[in-house]
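Colleague: Structure below; questions to follow.
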Amino acid sequence: MNTVGTPLLWGGFAVVVVIMLSIDLLLQGRRGAHAMSMKQAAGWSILWVTLSLLFNAAFWWYLAETQGREVADPQALAFLTGYLIEKSLAVDNVFVWLMLFSYFSVPPALQRRVLVYGVLGAIVLRTIMIFAGTWLITQFEWLLYVFGAFLLFTGVKMALAKEDESGIGEKPMVRWLRGHLRMTDTIENEHFFVRKNGLLYATPLLLVLIMVEFSDVIFAVDSIPAIFAVTTDPFIVLTSNLFAILGLRAMYFLLSGVAERFSMLKYGLAVILVFIGIKMLIVDFYHIPIAISLGVVFGILTITLVINAWVNHQRDKKLRAQ
C-alpha cells in the first residue's frame with residue numbers, strides 16, 4: 001500500500017491519540033458517572049478541532065520539509081477534506097445515539113460512560129475496516145465503482161428515510177441480543193454486568209453499548225468509502241477519520257439539547273454522499289480535484305446550515321404568533 005506515512009508520522013499520531021484518550025479516561029475515572037455540561041462539550045469540541053488542524057499543519061510542514069510542497073499541499077488538503085466529510089457525516093450518527101439513549105431511557109450521567117467505550121471500540125473497528133478497505137482497493141480497483149454506486153444509493157435513501165425511535169426495540173440485532181443474553185429488566189447504575197443469585201447478568205446498558213458500536217459500523221460503511229473518493233492513502237484516511245470521531249462524544253453532548261433544530265441537515269449530508277458517489281463513478285472520465293471537492297462539501301454544508309437557520313426562524317415566528 002502506497003502511503004506518505006513514515007514511522008515518525010505514525011508514531012506522532014499514535015502518541016497524540018494515546019495522550020488525549022488517557023487524559024479523557026483519567027478525568028472520567030476521577031469524576032465518575034456524570035453528564036457533560038454544554039460548556040464542557042463546547043470546550044472539548046473546540047479542543048479536538050484545534051488539535052486536528054494543528055496535526056494537519058504539522059503533517060504539511062513535515063512533508064514540505066522532507067518531500068517538497070508539491071507533495072505536502074495536496075496531501076494536507078486531502079486530510080482536511082476527509083476530516084470535513086467524516087465530521088459532517090458523523091452528525092447523523094449522533095442523532096442515532098440520541099434515539100438509542102431516549103428509547104432505552106439512559107440517564108445523561110450514564111450516557112458519557114457508554115460513549116467513552118463506544119468511541120474506543122469505534123477506533124479499533126474503524127482501523128481494521130480502513131486497512132482492510134485500502135488493501136481491497138489496491139487489489140481490486142473496480143471496487144471504487146461499487147463504493148460510488150453504494151454512496152449514491154445511500155445518499156438518496158438518507159434523504160427519503162424517516163427517523164423514528166419507536167422501531168428500535170424490533171430491530172433484529174436488539175431482539176437477538178435480548179433473546180441470547182441473560183439480562184436484567186432495568187439499568188443497574190453504571191454497570192454493564194451485575195451478579196444476582198450467583199449468576200452473571202448483562203444490563204440494558206450493555207445492550208445500548210453494543211447498539212452504539214453497531215450503529216458506528218453501519219455509518220463507517222458510508223463514511224470510509226466517502227474518504228476513499230478523496231484519497232486511498234491509509235495514513236490520511238485513518239488519521240482524518242479518527243480525529244473526526246475522537247471529538248464525536250463531545251459533539252453529542254453539544255448537539256443533544258438542540259437536535260430538533262437541525263432538521264434540514266440530513267438533506268445536506270445526502271447531497272454530499274450523492275456528490276461523492278458521482279465523483280467516484282466518473283473518475284475515469286473526469287478527475288475532480290481535491291480542492292474542488294473540499295469547496296463543494298464546505299459549500300453544501302454552508303447552504304444547508306443557512307437553510308436550516310431560515311426554517312428554524314420561520315418555525316419560531318409561527319410559534320410566537322400563536
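Glycine residues also receive a Cβ, built from the backbone N, Cα and C atoms like all the rest.
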Colleague: Would you say whether Swiss-Prot puts ALA41 on the same side of the membrane as GLN314?
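Modeller: That holds: Swiss-Prot puts them on one side.
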Colleague: Please give the sequence-distant neighbours of the topological domain 'Periplasmic' (283-286): residues at least 6 beyond its ends with Cβ less than 8 Å from one of its Cβ atoms.
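Modeller: Here the qualifying positions are 144, 148.
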Colleague: Look over the recorded stretches 7-27, 44-64, 226-246 and say which has the most C-beta pairs under 8 A to the transmembrane segment (114-134).
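Modeller: Per the Cβ under 8 Å count, 226-246.
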Colleague: So if I exclude everything within five residues of the ends of the transmembrane segment (7-27), which remaining residues of that chain have a CB under 8 angstroms from its CBs? That is, six or more out.
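Modeller: For the transmembrane segment (7-27), the far contacts come to 51, 55, 58-59, 62, 116, 120, 123, 235, 239, 242, 246.
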